[in-house]
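Taken from TrEMBL as is:
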BINDING   Cys9, Cys23, Cys26, Cys32  [4Fe-4S] cluster 1 binding site
BINDING   Gly63, Lys64, Gly65, Gly66, Val67, Gly68, Lys69, Ser70  ATP binding site
BINDING   Cys240, Cys243  [4Fe-4S] cluster 2 binding site
Amino acid sequence: MQAPPPEHCPGTESEQAGKVSACAGCPNQSICSDPSKKLEDPGKALVAESLKDVRSKLLILSGKGGVGKSTVTSLLTRFLARSCPQSNFGVLDIDICGPSQPRLMGALGENVHQSGSGWSPVGIDDNVCLMSIGFLLGSVDDAIIWRGPKKNGMIRQFLSEVDWGNLDLLLLDTPPGTSDEHLSVVSYLKDDNKPESLRAVVVTTPQEVALLDVRKEINFCKKQNIPIVGVIENMSSFRCGNCGNSSEIFPAKTGGAAAMCAEMGVPLLGSLPLDPQVAKACDSGEDITEIKNTTTEALEGICSRIMASFS
């Protein structure tokens, strides 16, 4: 296992790379400080080798926190795995400070084992595996208090030192924003020779306060040349568990995700209502694919569109 970069690493593309005191003792110091050499993170080659048998990667993004990226990631994974039983799926939780996937996927308390080929991700189903920093914590209440470079080093280890095996699709649950973790994972996964192997799904809620930040995330993808599969509008309405009627908790006063997608030229994959039955199942880590209602019907349609984009 490689040591993570120094806590105050200036970054390989910085003019101070290899020159500041934080670089002392780093095995890459001579590479970073030599202006005649291309400043590319040496971990990128390790990631490429580790993921050579991973066919496609899908980033689940949103500029806004609390819109349900982690929940949507787990729901998509469950439905994709059920609808494509011959395909293999992996989930990587790169929300280092707020790992939710172990709970959502029903894997709390599981341990990660290490072998000669690297860390073994936790098996969820026959064709689903999961890796999260949540498996490495002594308690679910432990706080991760890390600066950007250390988080980036952890992401590199997850990508290069986990034995993912043969996967048809790796879904990456990301934190909100367009900062360190996002830049790091894009720099490692982006392949100019196969640009379509990395794509993104953007999650939002209908209200303008969320759409403001989601627009920034869409522009981030465009600037990084990451193809956007589409936008999922989460919590588009509330479906009552008793009467079955729907109401708008977050009114789409500016047209919601549909208007934003039309404005920015990206597809709208579908809308998911806030569903108490699905929310309860997610909190307990249960498989929601057996639930039959309007939410799961919408999920099936969204998953079909996602898989069609990769075919």
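The backbone N, Cα and C atoms fix where each Cβ goes, and this holds for glycine too.
Excluding Gly63, Lys64, Gly65, Gly66, Val67, Gly68, Lys69, Ser70, which define the ATP site, the same chain contributes Ser62, Pro176, Val203, Thr205, Ala210 within 8 Å (Cβ to the Cβ centroid), listed in sequence order. Long-range Cβ proximity for Cys9 ([4Fe-4S] cluster 1 binding site), meaning a same-chain Cβ under 8 A and a gap of 6 or more residues, is found for Ala22, Cys23, Cys26, Pro149.
For Gly68 (ATP binding site), the nearest of the binding-site residues by C-alpha distance turns out to be Cys240; the candidates were Cys32, Cys240, Cys243.
Of all Cβ atoms in the shown protein chains, 26 besides its own fall within 10 Å of the Cβ of Lys69 (ATP binding site). Here the candidates are the binding-site residues Cys32, Cys240, Cys243. The one whose C-alpha lies nearest to that of Val67 (ATP binding site) is Cys240. Counted over every protein chain shown, other Cβ atoms within 10 Å are most numerous around Gly63 among the binding-site residues Gly63, Gly66. Separating the Cα atoms of Lys69 (ATP binding site) and Cys32 ([4Fe-4S] cluster 1 binding site) is a whole-number distance of 35 Å. Comparing the binding-site residues Cys23, Cys26, Cys32, Val67, Cys240 by how many other C-beta atoms lie within 10 angstroms of each C-beta, the top residue is Val67. A Cα-Cα distance of 22 Å separates Ser70 (ATP binding site) from Cys240 ([4Fe-4S] cluster 2 binding site). Distances between the Cα of Gly63 (ATP binding site) and those of the binding-site residues Cys32, Cys240, Cys243 are shortest for Cys240.
Looking at Cys32 ([4Fe-4S] cluster 1 binding site) and Lys64 (ATP binding site), their Cα atoms lie 34 Å from each other. Put simply, Gly65 (ATP binding site) is 30 Å from Cys243 ([4Fe-4S] cluster 2 binding site) when counted between their Cα atoms. Ranking the binding-site residues Lys64, Gly65, Gly66 by Cα distance from Cys240 ([4Fe-4S] cluster 2 binding site) puts Gly66 first. Of all the binding-site residues given, namely Lys64, Gly65, Gly68, Ser70, Cys243, the one with the smallest number of surrounding CB atoms inside 10 A is Cys243.
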